[in-house]
């Protein structure tokens with residue numbers, strides 16, 4: 001009997017093993033869609049970004065006007081630009097939901113997959129940061145100045161490091177040019193890391209909502225989950241199109257409609273909404289180096305989670321106490337996001353500091369303690 005070509009062709013059999021005949025747990029919910037949605041986000045961002053790069057000029061004197069030119073004179077340039085800008089927001093919505101699902105259902109126990117995922121998060125954040133500088137508006141310029149300046153907190157070599165990143169003594173033409181180069185390069189690194197992420201995931205197979213082995217009950221990925229994913233694609237792309245058409249500037253900063261001016265500081269310097277939680281943690285520590293370390297720790301803490309998992313159960317499905325702590329962590333992160341967008345004054349300073357302390361306590365102490373306590377209760 002002849003085998004289908006998809007099972008014998010050297011290239012097609014890799015695709016077949018990943019997207020067609022892949023054994024998938026029968027009970028995974030729509031929360032497992034976000035990985036494929038992130039793939040679609042990445043493809044959309046690379047495609048729209050490529051067309052934007054064809055018309056963009058990475059020069060301080062013409063960057064802002066080149067973006068205006070794209071929106072006014074290029075055929076459907078306004079749409080490509082709006083989809084690219086709002087696509088970044090959808091990328092982060094999907095990535096945070098994807099991480100949240102991983103935390104809730106214990107997917108972090110696949111350590112290699114999880115750690116590559118955290119590296120991917122860093123890469124996506126770096127890409128979004130350098131991309132935000134490119135339109136060369138007020139918030140682009142001052143955001144770049146403030147965030148790159150944080151490197152001056154590095155002992156001994158901080159100032160040299162900042163000037164090396166800037167390519168001079170301030171954020172200027174050299175900075176913009178290299179940020180454009182980085183913004184073009186990083187998505188391809190993300191594609192490479194995503195392939196590794198999938199490679200390691202397919203070594204173990206997917207987790208499922210119960211957190212127990214599903215080897216006795218698997219389905220082929222196609223047609224069941226390929227159609228399930230397609231519904232997710234349609235919903236997300238429809239929402240992205242609606243936002244880009246009807247309210248394209250909803251998630252942006254009005255300050256970025258003003259060309260960059262090194263002589264005028266905006267009243268509130270803040271990053272895009274998806275970085276506000278980390279920005280709030282950074283601001284809650286009065287010491288510069290301490291703030292930078294806390295900022296890094298707020299993301300790096302994800303790598304620690306597999307090591308401090310104490311429960312005998314993998315998922316939170318049957319762990320009500322840790323479930324409460326998980327939702328407390330989600331609420332706390334939303335509070336930090338709100339605080340990050342507020343001015344540095346009373347009572348926001350205290351709220352930010354309390355939320356920052358709780359953020360780290362939940363991950364490092366409360367959740368492991370709760371897992372240990374639930375183990376004890378199981379013996380009764």
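A Cβ is built for glycine as well, from the same backbone N, Cα and C atoms used for every other residue.
Checked against Swiss-Prot, the range among 227-247, 248-268 recorded as transmembrane segment is 227-247. Among the ranges 13-33, 34-54, the stretch that Swiss-Prot annotates as transmembrane segment is 34-54. The feature transmembrane segment, as given by Swiss-Prot for the ranges 205-225, 289-309, sits at 289-309. For the pair residue 197 (heme b b566 binding site) and residue 84 (heme b b562 binding site), the Cα-Cα distance reads 24 Å. Taking residue pairs at least 6 apart in sequence, the transmembrane segment (179-199) and the transmembrane segment (34-54) share three or more C-beta contacts under 8 angstroms. A Cβ distance under 8 Å defines the sequence-distant neighbours of the transmembrane segment (348-368), meaning residues of its chain 6+ beyond its ends; these are 280-281, 283-285, 294, 297-298, 301, 304-305, 308-310, 322, 325-326, 328-329, 332-333, 335-336, 339-340, 342. Within its own chain, residue 183 (heme b b562 binding site) has 49, 127, 130, 131, 134 as residues 6 or more apart in sequence whose C-beta sits under 8 angstroms from its own. The list of residues near the transmembrane segment (179-199) in space but at least 6 beyond its ends in sequence, with Cβ under 8 angstroms from a Cβ of it, reads 18, 38-39, 42, 45-46, 49, 53, 56, 58, 113, 116-117, 119-120, 123-124, 126-127, 130-131, 133-134, 144.
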